[in-house]
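To start, the structure itself, in structure tokens.
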Amino acid sequence: MSKQWASGTNGAFKRQVSSFRETISKQHPIYKPAKGRYWLYVSLACPWAHRTLITRALKGLTSVIGCSVVHWHLDEKGWRFLDMEKQLEDSEDFLEHWHDVAGGIRTAKEDSSKSFAEIKNDSQRFMVDATNEPHYGYKRISDLYYKSDPQYSARFTVPVLWDLETQTIVNNESSEIIRILNSSAFDEFVDDDHKKTDLVPAQLKTQIDDFNSWVYDSINNGVYKTGFAEKAEVYESEVNNVFEHLDKVEKILSDKYSKLKAKYGEEDRQKILGEFFTVGDQLTEADIRLYTTVIRFDPVYVQHFKCNFTSIRAGYPFIHLWVRNLYWNYDAFRYTTDFDHIKLHYTRSHTRINPLGITPLGPKPDIRPL
């Protein structure tokens, strides 16, 4: 996309506020919990949508809430699905992929990206570039927005949590969608282990909310404010802020590792990694929200968004250990991370930043072994 991202004349990027902010609960007058009623529309490239896929998997909701994946290439009309008119829709793959952790996209199962030279922006590889939209045959995410609200006039973003019964958008704010998925709303449809999974435990909620607040502004959104800056002074301010807060995360994780090493001994790495998280000694929403930025940092943000003081692997040993622990030891993280979609989306969609559309092959590997 070649249009400007800055708001006004100061050259600073401003993120759009989400428009659909409902929830799902037994008490809600419209949106009641039900198996098969709700659907997620996501991009595997998008860090905000990635949050929802990880949460959906960790909570055991893949069989409860289906998922469709848009094409990695974002053009002037927005996110799009594959045209499936010529596909065999009764194939076994077609029937099963909706409830896969990554919507059936095959490259999400791979831990290393490949050559991109022969891949065109209009590539139509089923369950590689995208899936179709199975309910209405829509070609664009925008079609869902207009179906929900014919007067909608803002940008067409993902993720979208959709209600098939009322044919409306429940919510398009990722931070709220993951809270909906983590709530007890769908407990009757999952097993006991997943019922016990709580990504925002009451005793840690205040700490999680505080951590999320500064991570969002300075890291999650900070890389975008850096990469989309249209004045040098804005860029320099934002990139310094990103790395100041990565330093803060590194200190938190360094201190955490030291305490765990003292508790378990340096040799018991399995026990150390079992409690090596950002807030508390268990996996929480704070880890999910930070992960989706950190996993994209070396492959994309270092070069594409000019966040190039250092890389995670070279400059932040404890963040590097933390992100590899999540990727290699938790399927919900690993199998929703698609390095092909991530690299192709940013380098092919942001023509103002990368006008030739050449996708860098490095770093190699996309993620190092644990």
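Each Cβ is built from the backbone N, Cα and C atoms, and glycine gets one as well.
Quantities reported herein were computed from a predicted structural model and do not represent experimental measurements.
Now, the feature entries from Swiss-Prot:
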BINDING   ARG15, TRP79, ARG155, VAL158, GLU173, SER174  glutathione binding site
ACT_SITE  CYS46  active site, nucleophile
DOMAIN    201-353  domain 'GST C-terminal'
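Classification of ARG155 (glutathione binding site) by DSSP places it in coil, neither helical nor stranded. Ranking the binding-site residues TRP79, ARG155, GLU173 by how many other Cβ atoms lie within 10 angstroms of each Cβ puts ARG155 at the bottom.
Under the three-state DSSP scheme, GLU173 (glutathione binding site) falls in the coil class. Proximity to CYS46 (active site, nucleophile), judged by a C-alpha distance within 10 Å, picks out VAL158 from the binding-site residues TRP79, ARG155, VAL158.
Cβ neighbour count for CYS46 (active site, nucleophile): 24 (other Cβ atoms within 10 Å of its Cβ, all protein chains included).
For SER174 (glutathione binding site), the number of other Cβ atoms no farther than 10 Å from its own Cβ, over all displayed protein chains, is 25. Counting every protein chain shown, 24 other Cβ atoms lie within 10 Å of the Cβ of VAL158 (glutathione binding site).
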